[in-house]
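Enquirer: Quick one: the structure is below, questions incoming.
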Amino acid sequence: MVESYIKIWDDVLQNIREKVGPLRFNLWFKNTRLESLDHDYANIVVPNVFTQVWLQENFSSVLREGIGKLINNKDLNIKFSILKSDERENGLSTTNISLPDKKTEINKKPLQVNRVLKLEDFIVGPNNRLAYTASLEMVNDKHPAFNPLFIHGPVGVGKTHILQGVWNRVKEEQNINAVYMTAEKWTNEFIYSLQKGKMEAFRQKFRNVDMFLIDDVHFLSNKQGVQEEFLHTFNALYELSKKIIFASDAHPKMIAQLKENLASRFMSGMITKIDKPEYAMRLLILRSKAAKFDVHFSEDVLEFIAEKFDDNVREVESALTTLSAHAKFNEKKIDLQLANEVLGEFFYNEGKVIKVNEIEEEILTYFNISRSELHSNKKMKSISFPRQVCMYLIKILLNWSYQQIGNYFNSKKHSTVMFAIKKVKEQIDSDKQFKLFVEMLIERIKKQKR
Ligand SMILES: Nc1ncnc2c1ncn2[C@@H]1O[C@H](COP(=O)(O)OP(=O)(O)OP(=O)(O)O)[C@@H](O)[C@H]1O
């Protein structure tokens with residue numbers, strides 16, 4: 001980099017670091033540089049397209065202002081270049097991918113589809129038919145043949161979709177008091193009410209519902225006092241024949257440290273598992289999800305995604321989002337070639353197994369912390385947050401049990417690991433930039449295996 005660019009870039013970065021704080025700064029600006037600058041254009045090199053998208057969306061004006069001020073051009077155009085994948089390590093040269101500059105009209109619609117989960121958008125197939133049909137019976141039948149309904153299955157297969165879909169349906173069609181919440185939220189309300197001496201109101205609230213939909217009940221694992229109160233709520237509703245639906249990552253028998261009487265209540269109605277969807281199902285789901293995007297995905301692209309992304313539906317959706325983001329920002333048509341280019345880095349040779357230290361390496365690099373800090377008990381956010389992300393990645397890439405992950409991280413409790421993974425999941429769902437960041441980490445880890 002020409003020396004004057006280094007100086008300009010240092011000044012701009014210093015300004016940004018003050019604004020965003022060291023954690024986010026390290027996440028997004030660490031491996032960037034000002035590659036070239038003339039009166040009209042500044043070209044900034046970034047390590048990957050996710051950083052590019054994030055900087056474009058959040059920092060274009062700050063960058064324009066910061067650099068523009070130094071060269072007296074407030075209308076400066078900012079362009080980004082991405083290091084070619086095979087050159088990332090030694091940073092030899094760059095591939096230019098121009099983002100639309102500020103004068104170009106770009107489609108301002110959000111890249112992600114809106115997350116209102118409705119039963120009518122749920123695709124029914126062999127992996128989920130029983131769970132879906134049983135849920136409909138809960139909706140439509142005044143006195144369903146079973147109660148409670150307990151739905152379990154691996155991550156991202158549609159458990160939440162069904163519960164929220166049921167909740168939305170009964171809210172629209174029936175004048176009943178239906179409550180949907182996660183077991184974690186229920187636990188927090190319980191603890192709060194206990195601390196504030198408001199248990200009577202708490203009990204009233206939950207014992208007066210007509211339909212009780214609790215997601216992620218595995219969260220109750222290992223929380224004896226909370227389970228006791230949950231059992232009381234369950235019993236009260238059950239005796240009044242109120243409809244109860246639970247969703248969980250695991251069968252009641254497999255939820256660690258779950259009181260026997262609570263486990264047996266969970267198993268007293270219908271238990272049904274949702275499995276990972278097969279290819280034909282994935283394709284059907286993809287078609288339906290793709291139709292909600294404002295870009296066109298051709299059938300061969302959808303088939304390509306359905307074939308390559310075989311783990312869970314969340315991954316499949318994320319492939320669509322990523323592809324549509326690339327197409328928009330680079331103003332390209334979505335075809336098989338683009339899908340291969342963009343998504344090729346997401347999958348890897350199955351024979352090559354990802355190792356836990358490879359996941360760790362990415363975390364250490366991106367968050368700039370040491371391995372001993374990652375494995376420590378330090379609670380400051382700059383250490384605990386990367387640790388949580390690491391736990392999440394180990395869960396989804398290696399599918400370790402919560403206990404295994406806890407043991408690996410200096411004997412952390414099963415519930416601590418569950419909480420960490422839950423937090424990361426929530427942030428992925430609510431923060432698009434963070435979602436892109438996590439996808440980028442996954443992409444980098446998987447790419448090493450190709
Ligand atoms: N059969 C389906 N039809 C339509 N969308 C689906 C289907 N299955 C899953 N999805 C979609 O996949 C995404 C993940 O599903 P959901 O959040 O319901 O998974 P989950 O099983 O609750 O996962 P977790 O255990 O991680 O909470 C959602 O956007 C959901 O709409």
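Just so it is clear, glycine is given a Cβ too, placed from its N, Cα and C backbone atoms.
TrEMBL entries are annotated by machine, without manual review.
Per TrEMBL, the features are:
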- G156, G158, K159, T160: ATP binding site (BINDING)
- 145-278: domain 'AAA+ ATPase' (DOMAIN)
- 355-424: domain 'Chromosomal replication initiator DnaA C-terminal' (DOMAIN)
- 1-87: region 'Domain I, interacts with DnaA modulators' (REGION)
- 328-450: region 'Domain IV, binds dsDNA' (REGION)
Enquirer: List the other residues in this chain whose Cβ sits within 8 Å of the Cβ centroid of the ATP site residues G156, G158, K159, T160, in sequence order.
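Expert: My list of surrounding residues reads G153, V155, V157, H161, I162, A247, I274, V313, R314.
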Enquirer: For the binding-site residues G156, G158, which one has its C-beta crowded by the most other C-beta atoms within 10 angstroms?
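Expert: Answer returned by the neighbour count: G158.
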Enquirer: Using Cβ-Cβ distances, find the residues under 8 Å from K159 (ATP binding site) that belong to the same chain and are at least 6 apart in sequence, listing them in sequence order.
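Expert: Set apart from K159 (ATP binding site) by at least 6 residues yet with Cβ under 8 Å, we have A131, I151, H152, G153, D215, A247, S248, I274.
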Enquirer: Take the Cβ of T160 (ATP binding site) and count every other Cβ within 10 Å, whichever protein chain it belongs to.
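Expert: For T160 (ATP binding site), the 10 Å Cβ neighbour count is 19.
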Enquirer: I'm checking region-level scores; what's the whole-number mean pLDDT for the region 'Domain IV, binds dsDNA' (328-450)?
Expert: 82
